[in-house]
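Feature list (source: TrEMBL):
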- A:Y115: active site (ACT_SITE)
- A:N7, A:E34, A:D158, A:N160, A:D257, A:H258: Mg(2+) binding site (BINDING)
- A:4-258: domain 'Endonuclease/exonuclease/phosphatase' (DOMAIN)
- A:N160: site 'Transition state stabilizer' (SITE)
- A:D228: site 'Important for catalytic activity' (SITE)
- A:H258: site 'Interaction with DNA substrate' (SITE)
Amino acid sequence: MRLATWNVNSIRARVDRIVSFAEREHIDVLAMQEIKCKPEQFPYARFEEAGYHVEAHGLDQWNGVAIASREPLEDVQYSFPGMPGFKKGHTGDDAPLEARAISALVDGVRVWSLYVPNGRGLDDPHFAYKLRFFEALRGYTASTLAGDPDLPLALVGDFNVAPFDSDNGDPSIVEGVSTHVSPAERAAFHALEEAGLQDVVRPLIPTGYTYWDYKQLRFPRDEGLRIDFVLGSRAFADAVAGASIAREERKGDGPSDHVPVVVDVDLSPEDDDVPMIFG
DNA sequence: ATGACGGCTATCAGCCGA
């Protein structure tokens, strides 16, 4: 299985680019974030013409997540158990959920397409929401893997945290001032690793960014952030055979500000069309 | 060249993003 995650920054604004990429790169499963539309506005036909099934979760023009897959998407779930909500004027429990998580079972893999809240500012209520979101993700992961330690589980998407100093090449993002690089956010991200997930791309691609701001020539200067990840359980991680960051997708006309992160996973030996040769 | 932000809508202004 070839799995990719991509914060597309509006599916309607660049559906041609996105479907072309998926076809050209032979992507089997494409997890998208920031589709910025409701399901009824999603350009399903373009994906179906290319041989993909799509499940989309969107409530308005903000956020929105989707998964496209060549194989059928089973047991689709919107939002993960314990996921917090957010709305100005609301506190904690009574806030409505946003469209930041969608999941499906594909070829036996439990895939989550996730768009972690931005945080907006270190003192903003959105920042506390971001930390609550991470803590709920950690809890979901821990309880899921406790019940099924061998589950191939993949949490993929825009985590909005640059976990290491080397993941931040944007001079406007400064520790102590900015979101994405604070100790609290980094600890919240690393807690997912303690819960049984690992970044399956990092060992294969130690450096490189996945996002560059549209402003200030950030891409030509290569002043980006590494904030898009594929986190996998042991069973998933053990099956990862390759990875790439599709930097070319930041070029040309009308790019997203994020690029796809791709992993090759070899989980289904029964799908091999070449017989095993023993001896 | 990878070139100075770009989506969205309650649209021509303001919000959001990282």
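Placement of Cβ uses the backbone N, Cα and C atoms for every residue, glycine included.
The structure, with features from TrEMBL marked on it.
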residue	record	CB count, 10 Å
A:N7	Mg(2+) binding site	25
A:E34	Mg(2+) binding site	25
A:Y115	active site	25
A:D158	Mg(2+) binding site	28
A:N160	Mg(2+) binding site	24
A:D228	site 'Important for catalytic activity'	23
A:D257	Mg(2+) binding site	19
A:H258	Mg(2+) binding site	24
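Counting only the Cα atoms, the space from A:H258 (Mg(2+) binding site) to A:D228 (site 'Important for catalytic activity') is about 8 angstrom. Residues belonging to the domain 'Endonuclease/exonuclease/phosphatase' (A:4-258) score a mean pLDDT of 96 in the model.
For A:Y115 (active site), the nearest of the binding-site residues by C-alpha distance turns out to be A:D158; the candidates were A:N7, A:E34, A:D158, A:D257. Rounded to a whole number, the distance between the Cα atoms of A:E34 (Mg(2+) binding site) and A:D228 (site 'Important for catalytic activity') is 13 Å.
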